[in-house]
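Okay, so here's the structure we're looking at.
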Amino acid sequence: MLTKFETKSNRVKGLSFHTKRPWILASLHSGVIQLWDYRMGTLIDRFDEHDGPVRGVHFHKSQPLFVSGGDDYKIKVWNYKLHRCLFTLLGHLDYIRTVQFHHEYPWIVSASDDQTIRIWNWQSRTCISVLTGHNHYVMCASFHPKEDLVVSASLDQTVRVWDIGALRKKTVSPADDILRLSQMNTDLFGGVDAVVKYVLEGHDRGVNWAAFHPTLPLIVSGADDRQVKLWRMNDTKAWEVDTLRGHMNNVSCVMFHAKQDIIVSNSEDKSIRVWDVTKRTGVQTFRREHDRFWILASHPEMNLLAAGHDSGMIVFKLERERPAFAVSGDSLFYAKDRFLRFYEFSTQRDTQVIPIRRPGSTSLNQSPRTLSYSPTENAVLICSDVDGGSYELYVIPKDSIGRGDSVQEAKRGPGGSAIFVARNRFAVLDKSNNQVLVKNLKNEVVKKSGLPIATDAIFYAGTGNLLCRAEDRVVVFDLQQRLVLGELQTPFVKYVVWSSDMESVALLSKHAIIIASKKLVHQCTLHETIRVKSGAWDDNGVFIYTTLNHLKYCLPNGDSGIIRTLDVPIYLTKVSGNTIFCLDRDGKNKAIVIDATEYIFKLSLLKKRYDHVMSMIRNSQLCGQAMIAYLQQKGFPEVALHFVKDERTRFNLALESGNIQIAVASAKEIDEKDQWYRLGVEALRQGNSGIVEYAYQRTKNFERLSFLYLITGNIEKLSKMLKIAEVKNDVMGQFHNALYLGDVRERVKILENAGHLPLAYITASVHGLQDVAERLATELGDNVPSLPEGKVPSLLMPPAPVMCAGDWPLLRVMRGIFEGGLDNMARGAADEEEAADGDWGEELDIVDVDGLQNGNVTAILEDGEVAEENEEGGWDLEDLELPPEADTPRASVSARSSVFVAPTPGMAVSQIWTQRSSLAAEHAAAGNFDTAMRLLNRQLGIRNFALLKSIFLDLHTGSHTYLRAFSSAPVISLAVERGWNESSSPNVRRPPALVTNLSQLGEKIQAGYKATTSGRFTEALRLFLSILHTIPLIVVESRREVDDVKGLIITVKEYVLGLKMELRRRENRDNTVRQQELAAYFTHCNLQMPHLRLALQNAMNVCFKGKNYATAGNFARRLLETNPIVESQAKQARQVLQATERNPTDASELNYDFRNPFVICGATYVPIYRGQKDVSCPYCSSRFVPPQEGQLCSVCDLALVGADASGLLCSPSQIR
């Protein structure tokens, strides 16, 4: 039984599946009707109008209606689209047990405790027939799926079959008058619309349920005598065929399965039982702990059942419908109807290969579960759940494909999971011993291998490798070397799909897809709300997968989307170009053609295949809000710009991509204040003062305009602004403009006109306008303000502009690949190739300087340094007002020309340094911090670069010197090279000079030793850590020095670990046991002899005070073995040894065994004894307990514990 969905609720008395949608209605004992989406697992709606339990509910086959009947004697017809009850049918005089729509006519049949069955017309909303004859509660009534019959079951111990043929005739054609007359008679004198055809007697107690077979003349019934009875009928009579015994309590519901020859029944004994109709035996039983079952429902079209019980309901399948298959090259092997079949993708030829015999099984789910194929040996392994999990091995004769008649005996064996791992070897999982048996084609065990995790299934993972699945993880295991090649924590994995090159794997669980590399390095995870069913890789490395109702794609970076909707679930077998091959649930092969444009476009963007992107923009119909939003989100607004016609969207995208020209055009179209304001802000950011001015003029933003003229030095327009302010009578604007112009007389005049005479007087007298000041003084009389004495006033005068500039290149706008790409449709293929190499616009740092008339701008800016200097001030090139004849066409480069052409700059020194070197220090010196960080990450696993920031900056500034030629020219930077002298060749570039060297570290370590000796542990730790943080960026010349550096890392690491433990010990004053442990571990760090003696003396004292005499004695003995030079040390050790030998006991137990060699975990400070698992830091080689893997190393604070790293690279001699 495969449970698909479960609910927790009040007792469920009625259930009904929707024919088309994944919905189920559940009517509850509490009076509520719930509408669930069993695929999504969500409650869609609840209908709450019945008073008391609702025992019956049923969906209409085609209308948006359902009917319900309850203990309030009411039948209600609801419209689920309108979320309300349309009408109520009244007539029954007691509880209503079941209701059902007719599949064709507008009828509802209802059964009631008033001992009648009623048939209603829901269109005319009347009762059209009452079926009387039962003499106890009628527990159920239902229409026959094809004939004019109704079956009913009652507590009077009978099942009755009623013929309603007359009712159908009356409904269909009450045309001629004679019929109408006879109809009136029957209405007056009691009708014969429905007559009892048979009464089936045989049950000893009340019958709870009876149901027709969908196609055969069979009836099944279940009763309080705990029996299920099977009846057969013909035109004249009906008789009992057999009785199925097995339930322990009243049988509450029973039905035939539409797709298989089985009966399903459930009972108050808390079980669901499945019976074989032909053999009349029980096949399987499903039990619940505490819940009695009340109702069963089957899906009209799918292989789904539902059962209602005391605390909710379950939707379930009896058997898996997924066909077992294996893909090999251009062919597919799959199992269907007890045959192995072969399908060729290229020709779409489908043939039968061999019969795979199954003995008549006595339980469900015996069909093949997995299939594995060995192409060289033409052998097939089929696994199923027979006998608790077993496999069968068939070797297909070469000539049998296409005949399918040869019968051969399979080689069998126990094991629910078996796969080929090599040409003629297959692995079988032995769950009980958690091992794999490798067998040959004769079914003989060749080798046994224990598995690294508790495995419940194995999958193929390349020749000789297994993918082992546990509950929460998967592992790739090499059977030859018995090594774990990779491990990944995952939800429970159901299916594994490898890409054709075996480089990537998709792990499919119920609601997630994890994509990983062949070593199980995680790449991305996708979560789905609807169940994931299957998947296959396409030729481009995109994973195509199906859920129950969608075909979807997943790109390598985790972006996903829908390709198309599915009507029925399918299982993908292969993706080839635009064709998807799949198997459906009936085992039929299908080929579906899809539109792959969307995901190929996104993949091209992701892989920076801009030539493909360009051609797709030109040729395909990629459009829509979703695509525009995607391009914006991924940082490609300039691409989105090519799709959009709406001016507002174009404006927003143009601003985002910095395309001022398009933004101006769109702003003109829209012509709203907000757009002009935003355009002004962006143009100012780009330094395009002409457009800033235009935007401010359109919005009449005079304050901003004045300030713009001030900073661009446009005195003439500032004077105009002053006049405008005067005209507008804007006193503040006038004053600001006068201030910007430095026009003191104007300022005094404005202040005087505004009535601020004291301010006007002070302004005039400070600026030396004596005549004006005297005139104002006479006006003020006695109120002349006094100026502060002994202070020199500073004048509010703006500096005079040296030159009046136009645009300034504050922000370099990167020309995207697409700008111009769409304009110059005829660009050469070579250009396109070149563009495709570059990172987005990294090669083409083009500054759009309108006035530049000669040379190739890209060439100027290929040198990073020139690009930097451009930010300093740039080429102030203004448009010249030339006479018309000067507009000559641009001369070709080869033609002799008097125009000066700038020489092509060579390669920047920093670029030469990084091209030649794999040393992180040299990349940092060149200013390429990102590549330096990548190198350190790859070589030493370093992840925390914050601590290295200052060293990076020191290396960069230390390898350059800067010259200032004259005041208005940019600063020139010069590279400082290592080992340069007078005789060096000017054309040969040497590596950069570095500010860090090995001798500095030697001085630092001596200072660290000295601080340790004198007990200044915090300072010593700081010094040792600074050495550890400098070593990754050190460069030495010889191999011997490389060894010195590696030795230095080990030495310093020991001191850092020891000092951190000692400082931790001093914090733990209260915990004496932990104090003793930390002091003991300190003595096992590899220290210099004087420091080791001090550590031993310290540990001896701490343990002696803690009454751990035996341990203290051990430290005293070790101290004396070092022959201490200081007499006081030796004397104290001897005294302690004597005292402890008299009483060699320990008061408290320590996590410390000096006899067993150990290393100390750098994070938790606990011993890791020999033989225990540990992980190490790839840089400082400190050891850690396994849970620390993936954490930052707490010793060096730089690298990730357990990260893969190639090792320290600090000398050119290591590369040669």
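Including glycine, each Cβ sits where the backbone N, Cα and C put it.
For 868-884, the entry in TrEMBL reads compositional bias 'Acidic residues'.
Taken from TrEMBL, the feature domain 'COPA/B second beta-propeller' covers 340-584.
Annotated domain 'COPA/B TPR' per TrEMBL: 625-772, in sequence order.
Annotated domain 'Coatomer alpha subunit C-terminal' per TrEMBL: 815-1216, in sequence order.
Look at TrEMBL and you will find 868-889 tagged as region 'Disordered'.
Taken residue by residue, the repeat 'WD' (47-88) breaks down under DSSP into 0 helix, 23 strand, 19 coil. Feature annotation from TrEMBL assigns repeat 'WD' to 47-88 (among others).
Beyond its flanks by at least six residues, the repeat 'WD' (89-130) meets 14, 53, 55-61, 65, 67-71, 73-77, 136-143, 145, 150, 152, 154, 162, 164, 167-168, 171, 191, 193-194 of its own chain at Cβ-Cβ distances under 8 Å. Annotation source TrEMBL lists repeat 'WD' at 89-130 (among others).
Outside the repeat 'WD' (131-164) by six or more residues, the chain places 94-95, 97-98, 100, 102-103, 107, 109-113, 115-119, 193-201, 203-212, 214-215, 219, 221, 223-224, 231, 233, 238 with a CB less than 8 A from a CB of the stretch. Sequence annotations record features per position, and here TrEMBL assigns repeat 'WD' to 131-164 (among others).
What TrEMBL lists as repeat 'WD' is 200-241 (among others). Residues of the same chain lying 6 or more positions beyond the ends of the repeat 'WD' (200-241) and with a Cβ under 8 Å from any Cβ of it are 136-137, 139-140, 142, 144-146, 149, 151-161, 247-256, 258, 263, 265, 267, 269, 273, 275, 277, 280.
Residues annotated as repeat 'WD' in TrEMBL: 244-285 (among others). Per-residue pLDDT, averaged over the repeat 'WD' (244-285), rounds to 90.
If you look at the repeat 'WD' (47-88), the same-chain residues 6 or more away from its ends with a CB under 8 A from one of its CBs are 11, 13-19, 23, 25-33, 35, 94-101, 103, 108, 110-112, 120, 122, 125, 300.
Cβ atoms under 8 Å from those of the repeat 'WD' (244-285) belong to residues 1, 205, 208-214, 218, 220-224, 226-230, 291-296, 298, 300, 303, 305, 307, 309, 318-319, 362-364 of the same chain, restricted to positions at least 6 beyond its ends. Here the repeat 'WD' (244-285) is broken down by DSSP into helix, strand and coil counts: 0 helix, 25 strand, 17 coil.
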